[in-house]
Amino acid sequence: MSMHAKDSTERGIDYMTDTRPIAAGGNTPGCKKRDPIVVAENVSRSFGGINAVDVEYLEIPRHKITALIGPNGAGKTTLFNLLTGFDTPNSGKWQFEGNSLAGVSSYKVARMGMVRTFQLTKVMGKLTVMENMRLGGSSQPGERLSKALFKGLWGGREKEITAQANVLLEKFKLDAKKDDYAASLSGGQRKLLEMARSLMVQPKLVMLDEPMAGVNPALTQSLLDHIKNLKAEGMTVLFVEHDMNMVRHIADWVVVMAEGKIVAEGPPGEVMKNPAVIDAYLGAHHDVDLGDAEGIKELEAELEADEESVVGTEDAGILSVDVIAAEVAQEKEQK
Amino acid sequence: MDYSSILSSAIGELISPTTAAYALAALGLAVHFGYSGLLNFGQAGFMAVGAYGFAISTLTFGVPFFVGLLIAVVASAVFALVLGIPTLRLRADYLAIVTIAAAEIVRYLVTTSGWTAVTGSANGLADFEDGFYSMNPFPEGSYLGMNNRDFFIRVVGWGLVVVCCVLIWLLMRSPWGRVLKGIREDENAVRSLGKNVYAYKMQALIIGGSLGALAGMVFTLPRGAVQPSNYGTELTFFLWTCLLLGGMATVLGPVIGAMMFWVVLSLTQGVLTGLIESGAVTWLSTIQAGQLRYILVGIALMLLMIFRPQGVFGNKKELAFA
C-alpha cells in the first residue's frame, strides 16, 4: 500500500481531492471513462432462461470509489462473481488493466490485484484473527510445499507479513482480538476482518460486496473512513451497497443495475435524482432519504454529532486525518 | 482370570506393528480431513495400493526392497491423482463417495481370479518380506521378550511413525499448512486471496495417501502376507475411529487414538474371554465375545463424541464454534 501511496505523490495527484471529470463524455449508461481500470463488454449470464446479468458495456474508473446499486436480484453480486472469476459468463469479454480475464481462474484474478469480499462474510472461523490476516499475505515462499519444511526459507517473509497485519488490525480496531478465533467475532467485526484480510493482498482494485450489511451503526463511520482511505492509498474501490446514505457519503461514481442491465451511471447526486433510478430502485415507494436534500441534511447532522466523523470540521472530505495528515503536509511542503 | 496376561497382551498391542500401521494411516486421514477438510472414506484403498504395490513389485518383478517401497508410494500418489482430478473441484461430499467406491474397486480388482498370477486373488500374496528382514541389524536373541524379527519391525514401524509425525507437524505449522487450514474453513475465501486451492488440495490428498501406503506396508510386513479381505471398508472406519478418538486436527491425536483403539479392543477381548472361561458369563461364546468388543468400541466412540467431541488431544475451543 505504501507503494501505491508513493505513486500518487510522485505524480502529484491527490486522489482524495482529485476533481477531474470521471467520464470521458456524457454521464450515460455504459459511458467511457477517462481512466478505466476494468472494462466489461457484452457480459451476460443466465440462470435457466433468466438473464441475471446482461451488461452491454461498463467501465470502472481508476482511483475512484464506485458504488454498484440496484434492487434485490438486479445481478450485482452475479456481476461481482463474473468479474472475479468465481462464475463464468455465457458470453462477453472483460479486462482488468488491459489484461483479458476471460477464462482466468479466480485465484489468478486475485493475484493480478483484483480482490473481493463476499456478501455472506467468509472468515476462517477456526483460525485466529492473526492467522486469517496472514493468509492474505502475498508472495510467502513458505506456501510452497517444497519450502514449507524449512522455516529459514519463510520465517523472514512471515515477520514482514505479521508486521503488515498488525498495522491493518490496528487501523481496523481488531488488534485486541488478534489471538482470538475469528468465529468469536461479531458480524460487524467479521466484515472488518474480511476487508482487512483482502487488503493484505495489496490489491489495486478492492471489490466489497455489501460492506455495511449487518454492521453495528457505531462501526459504520469507521468503516466508511476505511473505505475512503483506500482511495488515498491509491486503490480503486467498487462496492455493492443498499444503504443510500453510505453511497451518497463516499461514492464518487454510482452505477445502477436493474434486471441485469446497467440503467444509469453518474455522480451520486445526479444519479439519485434520475427518475429511471428512482423507478428501478424504489418503485412507487419513493423514500425521501434517497436523493432528498433533507435526508442528506439529517445524515450530516448525525455525523457531526459523531466525534469520530470529520463531517462539519475543516478536514471534511479527508477522513481519518491522522493517517494521511503527514502525507498531506509533505505534499504541501513540496509545492 | 489371568489379569497379568490380559494386561501384558494389552500393553503388547500398544507397540505392535499393526498399531503403528493404524497410527500412520490415521495420520494420513488427519492430513486429509483434520487439516484440509477432504472427506476420504477410502484410506483402506490407499493402504491396499501400498501393500499390493510393494508385494507385486517384489514378487512379480523381483525389485529390491527400497525400489518396492518407492513403487508403493508412487502408486498411491497416482491413485490420489486419479481420484482427485475429477473430484477436487467439486464439493467435499463428492470426494467421499468417490473414495469409498475406489477403495472397493481396488479390493475387487485384486480379488478377481483373472489376475491370480499377479495378485494371488482371494488368497493374496506371501513371501515378499525377505528383502526387509535381511536388513535386520539385530542379531538373534531376546529383545524385551521379542525375537529379533519382531523387534526390528517394531523399531522400523514406530520409527516411521515418529518421522512422519515430525514431518506433518513441520508442514502444518508452515504457511503451507495455514493455507490448508484456510481451505478447510472456506475454500472460496482462500481462492479470493489468490491461492490455488485445487493444487493445495491435491498435494494434501497425495501426502495423506502416501502415509496410507506406508501404513499398508507396515501392516503387511509382519504378517508376511497381503490379502484383500484385510482392506475392506471396515478398516477405513476403524481408522476414522482412531482419528476421532485422538483428535482430528492434531499430529499426536491419530497416534494416541490408534493406541487407545487397540488397547481397548485387547482389554475387552481379554476380559470377556476370561469371564467366559471362568464360567461367570454363560450366555456368550468366545466367538460372540470377539464381535461384542466391536460393539463396545462403538459405544465408547458414542460416549466420546457426547462428552469429549474434540477427541483426546483436540482443542475444545475450536469446537465451540463448530
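Keep in mind that glycine also has a Cβ here, set from the backbone N, Cα and C atoms.
Long-range contacts of the transmembrane segment (B:6-31) within the same chain: residues 40, 43, 46-47, 153-154, 157-158, 160-161, 164-165, 168, 204, 207-212, 214-216, 218-219, 221-222, 238-240, 242-243, 246, 248-251, 253-255, 257-259, 261-263, 265-267, 270-271, 274, each at least 6 residues beyond the stretch ends and with a Cβ under 8 Å from a Cβ of the stretch. Feature annotation from TrEMBL assigns transmembrane segment to B:6-31 (among others).
Annotation source TrEMBL lists transmembrane segment at B:38-59 (among others).
Positions annotated as transmembrane segment by TrEMBL: B:65-85 (among others).
With a threshold of 8 Å between CB atoms, the same-chain residues lying at least 6 positions outside the transmembrane segment (B:92-110) that come near it are 37-46, 48-49, 52, 79, 82-84, 86, 119-121, 124, 228, 231-233, 236. What TrEMBL records for B:92-110 (among others) is transmembrane segment.
Here TrEMBL flags B:151-171 (among others) as transmembrane segment.
Positions annotated as transmembrane segment by TrEMBL: B:204-225 (among others).
The transmembrane segment annotation in TrEMBL covers B:237-256 (among others). Tertiary neighbourhood of the transmembrane segment (B:237-256): same-chain residues 22-23, 25-27, 29-30, 33-35, 41, 43-44, 161, 165, 168-169, 172, 181, 297, 301, 304-305, 310-315, 318, selected by CB-CB distance under 8 Å and a gap of 6+ residues from either end.
Per TrEMBL, transmembrane segment is recorded for B:263-285 (among others).
Residues 241, 244-245, 261, 264-265, 268-269, 272, 284 of the same chain sit 6 or more residues outside the transmembrane segment (B:291-307) yet have a Cβ under 8 Å from a Cβ within it. Residues annotated as transmembrane segment in TrEMBL: B:291-307 (among others).
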* To do: With a Cβ cut-off under 8 Å, give me the same-chain residues at least six positions beyond the ends of the transmembrane segment (B:38-59) that come close to it.
  => 21, 25, 28-29, 32, 65, 67-69, 71-76, 79-80, 83, 88, 92-93, 95-96, 98-107, 110, 118-119, 125, 127-128, 131, 201, 204-205, 208-209, 212-217, 219-220, 226, 228, 231-233, 235-236, 239-240
* Asked: Residues sitting near the transmembrane segment (B:65-85): Cβ under 8 Å, six or more positions beyond its termini, same chain?
  -> 42, 45-46, 49-51, 53-54, 57-58, 95, 98-99, 102, 106, 128, 131-132, 135, 201-202, 205-206, 208-210, 212-214, 216-217
* Beyond the flanks of the transmembrane segment (B:151-171) by at least 6 residues, Cβ under 8 Å -> 15-17, 20-21, 23-24, 27, 30-31, 132-133, 136-138, 143-144, 177, 207, 211, 214, 218, 221-222, 251-252, 255
